[in-house]
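Novice: Dropping a structure here in structure tokens format, bear with me for questions.
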Amino acid sequence: MSLIKSSVFMFSMLTIAVSANAKGPKVSYDHAGITAIDHKNEAQVKWVSAESIQKELKGKPPITVSFDIDDTVLVSSQCFYYGKQTFSPDSLDYLHNQAYWDFVADGCDNYSIPKESAKKLIDMHQARGDQVIFITGRTPHRLHKAGQMDQLARILERAFHIKNMKPINYTHDKPIAPYKYDKTRFMVENRVSIHYGDSNDDILAAREAGIRGIRVIRSATSTNRPLPLNGGYGEEVVEDSSY
């Protein structure tokens with residue numbers, strides 16, 4: 001077995017065995033790729049940038065683009081690290097604990113760090129007149145009402161200077177039939193053309209929705225492990241997007 005095929009195989013096994021929170025069907029990688037700490041196959045990745053995407057879209061009418069939140073636009077591992085240590089030190093049960101999500105919704109993201117790469121992408125899209133929305137697997141506060149502009153929405157609006165900010169689309173990490181992935185429904189309902197995300201399910205949901213899914217690199221300091229294989233499905237990857 002070649003080194004590249006061996007690497008893809010090993011990452012596939014890790015993805016299937018360890019990805020505990022995402023609910024969509026697991027799909028093995030079929031391409032070589034990179035992580036934030038391993039770039040040996042970077043020559044085989046389909047790299048894109050805010051500039052290259054802007055050129056591709058030149059002359060086309062405005063579109064709707066969606067962004068995942070955690071590890072895509074915000075460095076928010078501190079919220080998850082604290083949550084695990086506080087609510088379930090020995091498991092991932094905290095992710096299913098409403099008290100934890102209430103803690104996050106009550107302002108934890110005031111301490112999250114906006115990613116520079118996300119700012120560049122969002123600035124580019126807004127300069128074109130595109131509508132930016134956010135889709136997250138998080139669970140909102142127990143008192144949250146669908147369609148409500150909550151604290152997270154205001155934090156993102158300020159951090160990225162979002163025009164015509166829309167309420168956050170919360171999936172509760174639960175796919176809704178007939179879709180297999182939790183974010184697909186929101187991509188379809190909002191007529192999204194491009195989705196940016198760091199997880200495998202971001203890319204697979206975009207494919208299920210029949211739209212363009214572009215990978216953002218998860219930071220090496222993220223507590224969300226294992227790090228995904230960026231480009232592992234042959235998808236485009238945003239260069240220098242780990243920060």
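The backbone N, Cα and C atoms fix where each Cβ goes, glycine too.
Found this in Swiss-Prot, in case it helps:
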- 1-22: signal peptide (SIGNAL)
- D68, D70, D198: Mg(2+) binding site (BINDING)
- D68: active site, nucleophile (ACT_SITE)
- D70: active site, proton donor (ACT_SITE)
- T136, G137, K183: substrate binding site (BINDING)
Novice: Do you know offhand how many angstrom separate K183 (substrate binding site) and D198 (Mg(2+) binding site) by C-alpha?
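Specialist: Cα to Cα, K183 (substrate binding site) and D198 (Mg(2+) binding site) are separated by 13 Å.
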Novice: Quick check for the class: what is the C-alpha distance, in angstrom and rounded, between D70 (Mg(2+) binding site) and G137 (substrate binding site)?
Specialist: 9
Novice: Would you list, in sequence order, the residues of this chain other than T136, G137, K183 that have their CB within 8 A of the centroid of the site's CB atoms, where the site is the one recorded for substrate?
Specialist: D68, I69, I135, R138, N169, Y170, T171, D173, D182, F186, D202
Novice: Any same-chain residues 6+ apart from D198 (Mg(2+) binding site) with CB under 8 Å of its CB? Would you list them in sequence order, or say none?
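Specialist: Sequence-distant Cβ neighbours: D68, D70, D71, T72, R215, V216, I217, R218, P228.
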Novice: Can you name the residues of this chain that are 6 or more positions from T136 (substrate binding site) yet have a C-beta less than 8 Å from its C-beta?
Specialist: D68, I69, D70, I168, N169, Y170, T171
Novice: What are the other residues, in sequence order, whose C-beta lies within 8 angstroms of the center of the C-beta atoms of D68, D70, D198 at the Mg(2+) site?
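Specialist: Neighbours found: I69, D71, T72, V73, T136, G197, S199, D202, V216, R218.
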Novice: Per the record, substrate is bound by T136, G137, K183: how many Å separate the farthest pair of Cα atoms?
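Specialist: Across T136, G137, K183, the widest Cα separation comes out at 7 Å.
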